[in-house]
Ligand code: AMP
Ligand code: ZN
């Protein structure tokens, strides 16, 4: 029985999927709908962002381990996320384009690709559906139109806003009802009627005029005007039949999750900073559209990776990327291993010492995995498996699960097959462990992929293919040798 902490109800709950009614009296279990808020692709993801995606990966693997089939959707935010989460400032993508003197489309494509490479490096399972905000403008316009028709919105000089006072339980996710704004707290109200009201759609001409940092008078400069804008049928207050504009940040997640997962689905996740604004606003607009149908059953949030006493953030200049870790000899999987040692709902503070210790710990674990190759079937495996699954099912207690693995290894009570089974959750690539990998050298992904294929070919006794792959590996500068403990790889 999988138990998880549900931010919506502020307690650990047994996971019970949303069912559909197939025929009267008969419930049909559909695939689990999982939506994870994706990156804003105007810069590299930092390892704080990636902590959130590793936690979500553990959740997904835990669901699979418990036998559920999953439909996982992740969005790419490539428009509409402004430099302040409270709908103020510049569009982050437009800002990224100016910084690098590229088009927003180039910026989005480049950082999306980088992000997807990061996920592969961290052995994060790919979503079933990737969806970009800019590919779903029609769906977002339709949702905004529905909200206008239902009377949830008002128009300002800046765009179309959601009136949060129209929703009685607004803020239920973050307990905002009990959180009066502190007297004197700074909030950019503009023409907003209420502090929590948020933009569904913004006029682009107004928006592009507003930014003093935009270089003036540069002939043909892509920075002169917003690059991303679409025509929408709103903006009638000025007697117009529509205006150019762009979506607010939150509407994309409602539009795309409803499109791919339906009006009611199981799980929605993100980092803890999404609770009070992004996810709160997603709930308000989605449940307004569906006439108060409870939208998502379980909301899960991962805690921050901090840099000193503050969260690591893309806006600050002291963020660390996965590439930086690699340059310093820390493998992405060592970072994953570090993350697994702290519960996802606890804050973690960045330090190079902790990363180096994690690298040494993972190297040691790999050495032990090689020794476990020789352990015949263990009679204790079943009992250990039960303890392992219990830890994972207790709100994804990966620190405890790792401790169980280490203890079983020390007591020589675990066999290789069981270790591989646990790796379905841990994702540390035990099946790829070779003698060389257990030392500090990082084997390139390309070689690891060829080694996997070769292992498979050998298992199928396809010796010709195995030899061909050996040659390919040699051409790339590595020598492979078959030992009792698996393939040994050395740099030529
Ligand atoms: P962004 O690319 O800024 O939209 O953020 C992508 C994801 O990273 C979101 O789920 C954020 O909540 C999460 N996130 C942002 N900063 C951190 C951090 N320092 N630690 C953990 N997660 C974070
Ligand atoms: Zn989102």
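Numbering starts at 1 and runs along the chain as displayed.
Cβ coordinates are placed from backbone N, Cα and C, and glycine is handled just like the others.
Which of 39-49, 50-60, 61-71 counts as motif ''HIGH' region' depends on TrEMBL, and there it is 39-49.
Cα of residue 37 (Zn(2+) binding site) to Cα of residue 314 (ATP binding site): a distance of 16 Å. Look at residue 314 (ATP binding site): DSSP puts it in coil. Cα of residue 253 (Zn(2+) binding site) to Cα of residue 314 (ATP binding site): a span of 21 Å.
37 are the binding-site residues among 37, 253, 278, 282 whose C-beta comes within less than 6 Å of an atom of ligand 1, given in sequence order. Annotation for residue 278 (Zn(2+) binding site): same-chain Cβ neighbours under 8 Å, separated by at least 6 residues, are 37, 85, 249, 250, 253, 270.
Checking the binding-site residues 37, 253, 314 for a CB within less than 6 Å of any atom of ligand 2 leaves 37, 253, listed in sequence order.
Residue 314 (ATP binding site) sits 23 Å from residue 282 (Zn(2+) binding site), taking the Cα positions as reference. Within 8 Å of the centroid defined by the CB atoms of 37, 253, 278, 282, the record's Zn(2+) site, lie the Cβ atoms of 249, 250, 252, 254, 268, 270, 274, 279, 281, excluding the listed residues themselves.
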